[in-house]
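Asks: This is the feature table in TrEMBL:
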- 14-23: compositional bias 'Polar residues' (COMPBIAS)
- 363-377: compositional bias 'Polar residues' (COMPBIAS)
- 638-651: compositional bias 'Polar residues' (COMPBIAS)
- 28-57: domain 'Zn(2)-C6 fungal-type' (DOMAIN)
- 1-23: region 'Disordered' (REGION)
- 54-117: region 'Disordered' (REGION)
- 363-389: region 'Disordered' (REGION)
- 629-655: region 'Disordered' (REGION)
Amino acid sequence: MVGTEGSQHPVGKQGQTSQDTAQAPSFSCVVCHKRKVKCNRKDPCSNCEKAGIECIYRPPPPPRRRKRVHSSNGDALETQGKSRRQENGALLQLNSHHKDFPSLSRIQSEQEGKGMGSGRMIMKDGNSVFIDNTLWTTVSHELTNAADVINDASDDGDENASEDETTMLLTPGIKESLSKLHPNPLHIFKLWQTFLENVNPLIKLLHTPTVQPQILEAMSDLPKASKELETLMFSIYCISLVSLQPGDVEKSFGESKKKLLARYRRGAQMAFKNASLLRTSSIMVLQALMLYLLSMRGFSDPHSIWTLSGVALRISQRIGLHRDGSAFGLTAFETEMRRRIWFQLVLIDATSAQFCGVAPSPSIATADTQPPTNANDSDLDPRMTEPVPERSGATEMIFCLTRSEFGNWLRRWGKKYGNFDSPWAFLSSSSISLQEKDEAIDEFESLVEGKFLRFCDSSIPLHLTTTAMARSAIHYARLTAHHPRQYRDSNIHISQPEKDIIYENCLKMAEYAQFAQTNPSIQKFVWHMVNHMPWDAMILMLSEMRNRSDPEEKSKVWQIIGDIYSRYLRQMTRTAHVPLLNALQNLIVKAWWTYIEECNNYNRVATPCPEIVSSLLEKASDYTEMQMRDGGSRTAELGTSSQELPSQSIPSEDLGASSEELDFLLTGSLDWNEWDKLMNQFQESLMDDIAAMPSS
């Protein structure tokens, strides 16, 4: 019998029958519920058993009954609803006898016969709506002016009507002029140039030769800029600022990056509201939203971005981007730009879904949009009548096409091995042999090498970034395929050759991350990479270092940790005490003292103490200023034996974490259940300092 608050007895402790024992409770125990961790609902649960505490189950309170709101208009609305349903029923019955109205069976057979070719594209003034609902497809042919389907509610003459849909996502308030929120013309031009250099090469969302004249014209008379163009301009301001370092922003614009971002974020939100985001069929507004989503990654949690990417997907579906334009008579230019936008949106959705631990949108799998063409912007022209010529070799699209190829490869192999919830799932599945996974990864490596990387010129920053990204993705795929996590529920012993494969791929991933962060020629693209931190690689390297014998390799690892993780970890710990980071910090300290002890035993010179390690060691108990100063010199000069080394962990109270949360670090081997729990909590609580910026 499940313990109640009155009895205070854990499950199965007193008065429990054999039938009760067989039935596990359907709710978490008190301790797991309070700590917000997963409970296996056993007696006792694994978490309580491990912590040596009493496991108590209390049934949750019954759900509240929803109060019925009595309104004077309630009866009238109900009567009106019944009346409308009766009228609709009569209309349906009347139409069913009309000789020219297609029967339901005929409509169904037509749709089934057409398959992906069904639906109708309606175009007007550069906007489009794709209709693939059976009823709408049929009715749209009966409209006197079918293009009226496109018209937004924002064009009905009432500037402030029905704002509820938009204000669910963006700032509330009446529509107003945004002229005062724009930068001055000189700064607009600087931000546009920053976009062209730092952002555009990595996303290729805009046809810049077409957009640039529109922005230059708007600069001369901002009050006359269209609502759609204003959404794009403010999103460009945001993403351009994100791509710059704070010092460069203050030098070029005379204000702090934080202050300017807050201002332009507010401007972007108001611009989306003015453009009636949730009702739009404008491709330009969709492009603006995608740029805004990319700029948000630094100051919003992954769940918000994932939700908003769903809004972008819905808009794209309304516009019909999931259907290839060549099948609907669109111009070659429109077809190509729609392909670019769609595949970038697929990447945004997949990336945000991965950060949230969910599967990408199922609607993506049903799309028939063809991949973008390997062509430069100069190959495209709105007036062109022939299809865009496919180039061989490297073009401006090389980075985007390489990423797209990786996504296609994941989806293709995922389908081959079954219906996995996530494209990555086949690589982490223990039901697929390592040999099969390695063969799949070898295929991708050969494909991307032959199609893209062999054309890369290391003197071109975009090519260098593409190479680093592709190589890192290959090593990440191999790490995922060989990750020890797949053995956590079994007693399989990981062989030393397998450990070597895991460690080498972790090291390669970290090296590419270090290269991207420190190479001067590609610093302008670092903004796109900072959110992709290889946590697993860091955890595995720090844990496995104690079993490695190469001193030069260990020095390299500590240098990498100093280069990549120092600033990131410092910024995160200012925001909040996150359990994942607490555990990582303790792991860093333990690994450092193991390294110092080893250097002491073998009379070796240790690598200089990384900045992040120094700051963590200051928190460790019994650590003196002299020891910290000499930490990077010859360890024999410390004048201590291995038994006299200072505390090898940071007190949990200094990290804001309970000792129970970090107990698993005391074990000799990695507990991936615990690390995964911390990573999940980290994703739920992830917030950057900029999240506290005011939006108005």
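Every residue, even glycine, has its Cβ placed from backbone N, Cα and C.
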Asks: Quick one: average pLDDT across the domain 'Zn(2)-C6 fungal-type' (28-57), no decimals.
Replies: 80
Asks: Mind checking how the region 'Disordered' (363-389) divides into helix, strand and coil residues in DSSP?
Replies: 7 helix, 0 strand, 20 coil
Asks: For the domain 'Zn(2)-C6 fungal-type' (28-57), how many residues does DSSP put in helix, in strand and in coil?
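Replies: Taking each residue of the domain 'Zn(2)-C6 fungal-type' (28-57) in turn, the totals are 12 helix, 0 strand, 18 coil.
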